[in-house]
Amino acid sequence: MKVILAEHSGFCFGVEKAINTVFSKMNEENIDKRLYTLGPLIHNTHVVNELEKKGIKAVDDLDDISNGIIIIRSHGVPEEVYEKAKLKGLEIVDTTCPYVKRIQNIVKDYYLIGYTIIIVGSPDHPEVIGINGWCNNEAIIINSIDQTKNISFIDKICLVSQTTMPIELFCEISKDLENKTNDIKKFDTICTATKRRQDSTRNLAKEVDAMVVIGDNHSSNTKKLLEICHSINPDAAFLIQSKDELPIDQLKKYNVIGVTAGASAPSWIIKDIVEILKEI
């Protein structure tokens, strides 16, 4: 069987930075405080489990800890979380992705000068929840073009996007909103790594018999990759988190398999899966 790995796949800059920061903190001399992450550091069960084995516990709320070091996840958090952590006397290690931090700053700045913030994204995604927390949780959040029909005329709009949304959707919504405002400031805040990953996945899916998408089923960018593969070949796209989930019997009927991976998929998992596929 021929196996082709997408040109752009696996850890993105933000995720790699977050993990490196955490391990660097763990290796500091004389560290005598317990380390916690507020929510899972990244959307990957294997990585989160490995961190827990090393003594780094994920908590859902700052109220769950009384002292120690709190690690801000790569997705970012609302502004109030920083304030609460400082009041509790917690040391903060911020691993927010620089792309996400830029969105937070844009949202805060434009909210303070009277713009209505509109976020193109999934309302339940931690990144979007975090961004909304920089404009007093008053943003309008939409994730489909149909939802723009429910938006009345707004004097001033600041439009941003969750970093992992499809660029086509952002452009479509952006164009539609131009007719609903006197002033719109549009910021394409979709991560360049996301764009490259989606483009290389789309191109590869057109050339192979089937696609294997590696990543956590809670990962937004991974689910977008699966959607792209399904749109090209709906019966030959498979989402797995590890080699143990490979649908070997189903894959045996294909001659050429494409492999792509979400931004939170470790290189060692990708390598293991590719090696197994080559032996089928």
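Each residue, glycine too, has its Cβ placed from N, Cα and C.
What you see is a predicted model, and the numbers here were worked out from it, not measured in a lab.
Site annotation for isopentenyl diphosphate in TrEMBL covers His75, His125, Ser219, Ser220, Asn221, Ser264, and the matching candidate from His8, His43 is His43. Binding of [4Fe-4S] cluster is attributed by TrEMBL to Cys12, Cys191, and the same site annotation extends, among Cys97, Cys135, to Cys97. For the pair His75 ((2E)-4-hydroxy-3-methylbut-2-enyl diphosphate binding site) and Glu127 (active site, proton donor), the Cα-Cα distance reads 5 Å. Our reading of the (2E)-4-hydroxy-3-methylbut-2-enyl diphosphate binding annotation (His43, His75, His125, Thr163, Ser219, Ser220, Asn221, Ser264) yields a largest Cα to Cα distance of 15 angstrom. Most other Cβ atoms within 10 A: among the binding-site residues Cys12, Cys97, that distinction falls to Cys12.
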